[in-house]
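Q: Shown below is the structure under consideration.
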Amino acid sequence: MKLPAGKYEIFLENLQLHFALKIGVAATLGLFLGVGFSQILDRPDSLVSGMWAVVTAIVVVQGNLGSTYMAAWVRFLGTLIGTMMAGICTTLFGSNAISLGFSNFITVALCSVFQIKDSVRIASLTVTVLMVLWRLRPEISPWAFGFFRLMDSCLGILVAVVVTHTLFPLQATSKLKECLSLALAKIRLLYRECLYKEDLPSAEREEQMSLLIGQIEEHLKEARQTLEDSKTEIRTRSSVEDWSFFLDHTERAHEAVLDLLEIKKSPLSHFLNREFREKISKVVGEIDLSIEEIVSSLEEGNEQLKSDLPAALLTINDELFRFKEGSFNESKKIAELQNLFVFIYSLRSLGEELNKLKGRLNVIIR
């Protein structure tokens, strides 16, 4: 079985060439258009306009459309509030260290009152930059200075949105599918490692397992962040609740595999007759096939479910009930029996989580 990618493959995966190209193009267009816009209006601070447009474009450009929309809204709202507060405070108190501190205090409080905390830092940054830079051009009205900075920000936002839509556009749902399919594929690797390999650990295997678990958790974290940032876009195509459900149960499936990883499997077969062992093997195989089918469906966009996991789980439930009702001979140690029940419970929990994922899969991939 193929283990997690090596350092070179991980480096290439993390290089993010598409995103780097988006940032580069956005910076180029932001400076070109910002300076050009300023020169057309015959403004004396053309480089400031270019810089402001570039900074905004770089901040707003994200890996997918939904995250870009969210960043654009946060940036616009923060810049708008910061511009208004800078204009008011500079007009009333001038630009100095004390008025700057007071202005930031009022700005943060105002954002908190209106529950727009995501824009707090942008608003404070806008207030600070406007009040400080205005001292370089005190002959210009603070309101005019702030208005043009707001226009520069809007230009940078427009550049970011256009670049994100034009260069390698990635919808949030596509990003979610990618993250979830990668997470589930590596959950399958982890599952196969903990069931099909010997219990005796080696230093190399421990390192590989830790790396694999870290990659799974990183993919799940990225999926959670994408879902949080892209709710507006996702609602135009599918249900946020469906994606949240799918992600929640993927995380629970991962937790079930981690539970299996902690169990010593070697002594378990001593307690089981041949029929029970065959039924457990059937469940193990159906779980492996189910994960493979879910990953394939997410990647290819169509359901390919042929496994019969519910039936396999039902047989193991019946067999476990008969096993509990049977008599235990003295050779069966209590600790080992508990280990057996925990193993079967974890296996069954994993199967139930996969059944829930399969039940919601048709909504996710449509």
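Any Cβ shown, glycine's included, is placed from N, Cα and C.
TrEMBL annotations: computationally assigned, not manually curated.
Sharing the features that TrEMBL gives for it:
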| type | residues | note |
| --- | --- | --- |
| TRANSMEM | 20-41 | transmembrane segment |
| TRANSMEM | 47-65 | transmembrane segment |
| TRANSMEM | 146-168 | transmembrane segment |
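Let's see these features in context: how buried, what's close, how far.
A: Long-range neighbours of the transmembrane segment (20-41) within the same chain, counting only residues 6 or more positions beyond its ends whose Cβ lies under 8 Å from a Cβ of the stretch, are 47-58, 61, 148, 151-152, 155-156, 159-160, 163-164, 167-168.
Sequence-remote contacts of a segment are chain residues at least 6 beyond its ends whose Cβ falls under 8 Å from one of its Cβ atoms, and for the transmembrane segment (146-168) they are 18, 21-22, 25-26, 29-30, 33-34, 37-38, 43, 45, 48-49, 52-62, 64-65, 68-69, 71-72, 75-76, 79-80, 83-84, 86-87, 126, 129-130.
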Q: Same chain, outside the transmembrane segment (47-65) by at least 6, Cβ under 8 Å from its Cβ: which residues?
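A: Residues 16, 19, 22-23, 26-27, 29-35, 37-38, 71-72, 75, 79, 122, 133, 148-149, 152-153, 155-157, 159-161, 163-165, 169-172, 174-175, 226, 229-230, 233 contact the transmembrane segment (47-65) from elsewhere in the chain.
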